[in-house]
Structures are given as C-alpha cells and as structure tokens.
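Q: First the structure, then my questions, so here it is.
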Amino acid sequence: MSGAALGIEIVVVFFLALFLLHRYGDFKKQQRMVLFGTLLAWYLCFLIVFILPLDVSTTIYKQCKIDHKESTSVPTGSPLPFNHTTANTSPCYKPWSYIPDGIMPVFWRVVYWTSQCLTWLLLPFMQSYARSGGFSITRKIKTALIENAIYYRTYLLIFGSLLIYVAVHPEWHLYELQTIGITAANTWGLFLLVLLLGYGLVEIPRSYWNASRHGHLLIKTYFKASKLMTEKADAEENLEDIMEEVRKVSEAIKYNHPLRKCVDTILRKCPVDYQDKMGRNMDDYEDFDDKQNTYPSEKSLVKLHKQVIYAVQRHNRTRVQWQILLQQAVHLEDVAKNEASSTHQFVHSFPPSEPAGLFVRYVYTLTVEWYWECLLKRWFYRLLSVVLTLFSVAVVWSECTFFSTRPVLSLFAVFIQLAERDYNYLYIEMACFVTIFFLCTCVYSTVFRIRVFNYYYLASHHQTDAYSLQFSGMLFCRLTPPLCLNFLGLIHMDSAISHQQKEQTAYTSIMGSMRVLSFIANGFYIYYPMLIVILCIATYFSLGTRCLNLLGFQQFMGDSEMTSDLIDEGKELIRREKRKRQRIEDGENRRRVSGFDFSLVQTHDLTTLCPRTAQQLQSQRFPPGGGGDQTQSEQRGSTGLRLLRGTRTHCARRRML
C-alpha cells in the first residue's frame, strides 16, 4: 500500500476539480487557456488539502521511530490492529498509507511553487488576456502586459531590494531569502484567511438552520427575485444599447473596409437574434469612401468588442439565474402547500419537463418526496446546523489557544495526541481530513458566495465568466498554504509556533524556518488569528449586512421597510411568472387536443375512405365565417376530435360491408 493512497487521492482530486469547473465554467464557449489555468489552480489547492493528512500520519510514524531508536522488524505471533499494515518490536507500526522517504518533499515543492507561480505571475496575465477586446493574439498579449506592468515592476523592485540586502549581509544565504518570500506570501494569505474564516464559521451553520425554516427561505427567495429582476432588466437594457452601437458600426464599415474583419468578429459574439436583424439591414454592395465619412478606429472597436463580451455574458447569466430562481420559488411554494396534505403525497404545481427516471419512479416516489420535503429535511438541516456550530466553536477556541502547549488547550491537538498514543493512524488521518475539510469549506464557500459588484461573481450552471474563474484560482492558491500551516499549528505539528522539538512534516520543511523573521513567527502568526472572535461576533449580528444596507446596497433585513417592499414585489413577480407559465401550458394542451388529428390526417385521405363524412370534417376544420372567440375554437376542436374518432369507426364498418 506504500504510495497507493497518494496515487488514488491524486486521481480523485483531479476529477473533483474537473467537476467543479464544469459546474461553474463553460467547456464549450470559454477559452481553453482559461479553463486549463483555473483547473490547474483548483487542482493544486485541493491536492494540498487531501494529501496533508497522509503527511501528518507519516510524520507521526517517523517521530515514533526517533523516540524509540529501534529499527523496524516484524514480530511473530503478535496481533496487529486492523488499520496497520506492518508491525515491529517497538510500539511503532507503519501506517497503511505510509509514503516512502523522499517522495513528499519533492511533491510539495512541485505543488507549492507551481501554485505560487500561477497566482502571482501567470493567472493575472491570463486574466487580462481573457478580458482583452483585442482581435489578435499579439494585441491581447500586449494589452495583458501593459495592465500587469505595475504588478511586475513591484515584484522586481521587492526582489531586487532583497538581493541587495543579502549582498550587504554575507551571513544571509539564498535559503533565508526564499523563506522571506514564502513568509510574505503566507502573511498576506493569513490576513485574508482570517477575514473569510470568521464569516464562514458563523454563516455556514446559520444558512443550514435557515434552510430548515421554509417560510423564511421562501421570503428570502422573493427578496432575491426582486433584486434579480432589477439586475436582469438592467442587463437587457445595457445589451440593447451595446447592440445599437454595434449596428451603427456595422452599417458604417462596409464589406471592403480594412476593419471589416474586426466588425465580423464582434458580430459573432452577439446573440443570434441580433445577428439576424443586423444582417437584414446591411447593404454589402455599397463601397466605403474614406474621404467623406468618418469611421471608428481600431481602438474604439477593441473597446466595443470588450463591452459586447461583457454585456452578452451578463445577459445570459441573469436570464439563466432567473429561471433557476423561479423554479426554486415554485418548489418552495409547493412545499408550503403540501405540508397540510393528508394524502402524504407531494403534488407539483407544474409537471416535470423531463420524464421520470428509474430512481424517481421506484425509489424517490411522491410519498417519499413528501416525507423528505415536508418532514425529514428540516430536521436533518437542523441537526447538521448544530453539528457545524459545535465545529465552529471548537475552531474558535483552538485558534485562541493553540499557542499553549503546557497544558494543551487546542481541542484538535488533544484529539490528535490521544490517537498518537495508540498510533491509530486511520483515526489520525480521518480527524485531520475532517478538520481541514471543515476549515476549507468555511473559507472556500465564502469565496464562492462573495460578490464584488459585477467584476467578481461565481455563478453556477456554467454562468461564471473567465475573469471570475481565474480570480477564484488566484484566491485559492494564496489562501490554501497559510490555511494548511494554520491547521498544523492547531494540532501542534508546526515547531515554529509550538516551539517543540519534533519531527517536521514534509510540508512544513519546504516552508523554511519562520525563526528567520521572529516578529512574524512569535507575533503575527500567533495573535492575529484571535481576531476571528471579533469577526464571528460581527457576522452573528450581521454588522456587515447592516453597513451595506446603510450605504444603499439593499440586503435582506427582516426588520427593514425596504426589505418588506422588495419581498412583496418579488412575490408578485413570481405570481406573474407562474400565470404566464400556466397560460403557455394551457395553450399547448389546447393545441394538442384541438389540432392533433387534423394535423396528422389529410382530408383527401378521409374522402377516399368515406366521402359523406369528409364534408362534416371540413366544416369543423374550416367553419363558415371563420374567426370566433377562444371558447368557440375550443368547442370546435373537441367536437372535431369526437367526430374524427366516430368517422374512423363508421368508415371502417362501411369498408367491411
């Protein structure tokens, strides 16, 4: 099993990152460079999270060998624990997931330095490249270099200053220079990590508790519907304005103009219906006259191209999000109606658009759905919220006390040390994985939830733009290394913080000794995480939400008059959309009933079968005087349907006779 666990997790993590990228990105429309860069950034960060527990168990095994100073040998006749692969004469048992020496240091160096190159050098460049409106690769590269010139100059200035400092102080080596660079990156990441973690530790348990309250969830959905409709209308208006500019440019620059290729590139990025309208209004046989008319410059076309990409993506995103939110609102209203049902079968307002699969047909039936949606789901969410709350309390307590080694106050350090006494490696790995997974969930979920106006927004169902995808990759690469170091400090596996002479993990060894900068190792890394208490209190009382509400950014506040108005508006919008959807389905049903047989069976075919009844069918199909209201049309349709069925029987009998 040596190295097998490492290989399995490498493969599993890759498919996990690929699944998340497929959920948020669009494999068909987005550039391959954007998808590859985001996938690599997410993959490397998830690898650190999943592989670190194996590094911890291997380090504990090495520490045991150092403590007993005995070489391993397999005893005879001694029983082994179920989760141990080999045994020896000492209490040290090799873990089932043991990784041979020399593999982990190389693995961590490759993962860490690749992720750092991505987040500080490549992803910012790729971000500007993907957002550029240039019409050629050279123009996009030039734009990306110009936009990132300030950052690159800053990096060169810092690096040059450090080289001069090392040259002036000969006692310093390049190893200390590398450690300073890693410490600076981790310090920046830890500063942002505590802010995001303080929000997630409170908001995630609270979100599951609120999800168990169907009434609260429905009201909040109405509020979101009102805000989303405003954003949707604004996106449509912005798209129409941009398309009007594109139309003017397309009419001004004719087919033989040197910039016509740029205009054609812009037109291909427009929605199909707008392309058809512009194509009908074009006169490609009219030549341009550069002496009499003024034409847009290439720079203005680049700017227009960039605006078109942004406007189309925003319009598509709001349209898809509105349909998803409408389905959620209808489902929550159905849950509220079915709670008082005595039949214990879930009734949907609208039938599903897709046929039911085997799981829905035989397992997740209407009765099972009723018990889950109306009874069990809320209690499951409440229980999950309580468990997550206990985890959050344990994290806050451990963040404030992890520097104390005698006595050990960090709860996670206590759990790991208890398992270390019995060398229960499976428990150690599971405890480490659950702890670090919860920390990453609190941080990463905040990254997925936050929204910086319309510049950074991760939207599911393939609606995230290239800029937001790459920005999330940058954040993950900057947050994951300090998060893992913080986790190692919580379980007292980082000697720079715990000041214990123990075997270091391979992950800690590549970070270098933090004692080079003692004021960071003994000060910032220890006391700054205590700020998480203040952030949790602020999040619990929704101070950030109240501040945004005061600044004019409408947030969901139960005691606000503006919130009540938006809830009423959203409720009316959902009711209106339901009526529209109901009318569409009723119209389809009427057309299906009234026009089904007439569209499939031709009158001349019926005449050959039975000429006498063909005239009656013709009068039902094309009644004298035409027109008529909708009720008469429905009556004629139902009458014609009955008459057609009777005609078939009558004609068949006459043929038999």
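Note: Cβ is positioned from N, Cα and C throughout, glycine not excepted.
Sharing the record's features from TrEMBL:
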- 225-252: coiled coil (COILED)
- 618-648: region 'Disordered' (REGION)
- 6-22: transmembrane segment (TRANSMEM)
- 34-52: transmembrane segment (TRANSMEM)
- 110-130: transmembrane segment (TRANSMEM)
- 150-168: transmembrane segment (TRANSMEM)
- 180-202: transmembrane segment (TRANSMEM)
- 379-397: transmembrane segment (TRANSMEM)
- 426-447: transmembrane segment (TRANSMEM)
- 524-543: transmembrane segment (TRANSMEM)
Q: Could you tell me the mean pLDDT the prediction assigns to the coiled coil (225-252)?
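A: Per the prediction, mean pLDDT sits at 92 for the coiled coil (225-252).
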Q: Are there three or more C-beta pairs under 8 angstroms joining the transmembrane segment (426-447) and the transmembrane segment (34-52), sequence spacing 6 or more?
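A: Result for the transmembrane segment (34-52) with the transmembrane segment (426-447) is yes.
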Q: Counting only residues 6+ away from its ends, which parts of the chain sit with a Cβ under 8 Å from the transmembrane segment (426-447)?
A: 49-50, 52-54, 56-57, 60, 83, 95-97, 193, 196-197, 199-201, 203-204, 388, 391-392, 395, 412, 415-416, 419-420, 458, 472, 475-476, 479-480, 483-484, 486-487, 490-491
Q: Report, as numbers and ranges, every residue of the chain located at least six residues beyond the transmembrane segment (6-22) whose Cβ falls under 8 Å of a Cβ in that stretch; write 'none' if there are none.
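A: Contacts of the transmembrane segment (6-22) (Cβ under 8 Å, skipping residues fewer than 6 from its ends): 35, 38-39, 42-43, 46-47, 50-51, 54, 97, 99, 103, 107, 462, 469.
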